Amino acid sequence: MPPYTVVYFPVRGRCAALRMLLADQGQSWKEEVVTVETWQEGSLKASCLYGQLPKFQDGDLTLYQSNTILRHLGRTLGLYGKDQQEAALVDMVNDGVEDLRCKYISLIYTNYEAGKDDYVKALPGQLKPFETLLSQNQGGKTFIVGDQISFADYNLLDLLLIHEVLAPGCLDAFPLLSAYVGRLSARPKLKAFLASPEYVNLPINGNGKQ
């Protein structure tokens, strides 16, 4: 039986990054898919620590909060930088990803029709810090921090992929980010996962907007 279990809705959502991480690292995991009907029934929601998913099980350890799960996997699988300085930078990147993801989620679920144009106009300013970070790390030719992949890379990759769907061409003005997406997406195990039905057939969000 796989050591990991992901309990989540049938969407990519906040689990896409951790699934990419597990697939790329050659880890197996079990999916427990929660339908809207099951969630609305209420008992599962009541059992969740914060009343929300994802829920993640690593043996007898149960975790909630998607970024906590990513950090846990970062620590246990060696994806948290090579020293404390790199770990701090990885945290900084991941917090920046979370800031933009929250804005994206707010747009998708509360203000898509009225707010999309303004969101897309402001997007270059939101993406620029990540281009800057890449430029400061070995000329942008490796990862977002250091010379080995971290959990923040998977989270940033997912963030960039969903924004390419929302605003095609949004990375055209950011050559390092554009190359970064291509480079990470071409990693053999990750490439296979991104082409798999388990990824392709899942909607990005739960309301059909993207």
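Quick reminder: no glycine exception, Cβ is built from N, Cα and C everywhere.
Quantities reported herein were computed from a predicted structural model and do not represent experimental measurements.
What Swiss-Prot records for this protein:
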BINDING   Tyr8, Arg14, Trp39, Lys45, Gln52, Leu53, Gln65, Ser66  glutathione binding site
DOMAIN    2-81  domain 'GST N-terminal'
DOMAIN    83-204  domain 'GST C-terminal'
MOD_RES   Tyr4  phosphotyrosine
MOD_RES   Thr62  phosphothreonine
MOD_RES   Lys103  N6-succinyllysine
MOD_RES   Lys116  N6-succinyllysine
MOD_RES   Lys128  N6-acetyllysine
MOD_RES   Tyr199  phosphotyrosine
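Here the features listed in Swiss-Prot are painted onto the structure.
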residue: Tyr8; record: glutathione binding site; DSSP (3 states): strand
residue: Arg14; record: glutathione binding site; DSSP (3 states): helix
residue: Trp39; record: glutathione binding site; DSSP (3 states): helix
residue: Lys45; record: glutathione binding site; DSSP (3 states): helix
residue: Gln52; record: glutathione binding site; DSSP (3 states): coil
residue: Thr62; record: phosphothreonine; DSSP (3 states): strand
residue: Lys116; record: N6-succinyllysine; DSSP (3 states): helix
(request) Check the Cα-Cα distances from Lys45 (glutathione binding site) to the modified residues Lys116, Lys128, Tyr199 and tell me which is shortest. (result) Tyr199
(message) Just to be sure I understand the packing, how many Cβ atoms besides its own are within 10 Å of the Cβ of Ser66 (glutathione binding site)?
(response) 22
(request) Under 8 Å Cβ to Cβ from Trp39 (glutathione binding site), same chain, six or more residues apart: give me those in sequence order, or none if nothing qualifies. (result) Phe9, Lys45, Leu53
(message) Nearest of the binding-site residues to Lys128 (N6-acetyllysine) by CA-CA distance, picking from Tyr8, Arg14, Gln52, Gln65?
(response) Arg14
(message) If you count other CB atoms within 10 A of each CB, which of Arg14, Lys103 wins among these recorded positions?
(response) Arg14
(request) Take the domain 'GST C-terminal' (83-204) and count its residues per DSSP category (helix H/G/I, strand E/B, coil), listing them in that order. (result) 92 helix, 0 strand, 30 coil
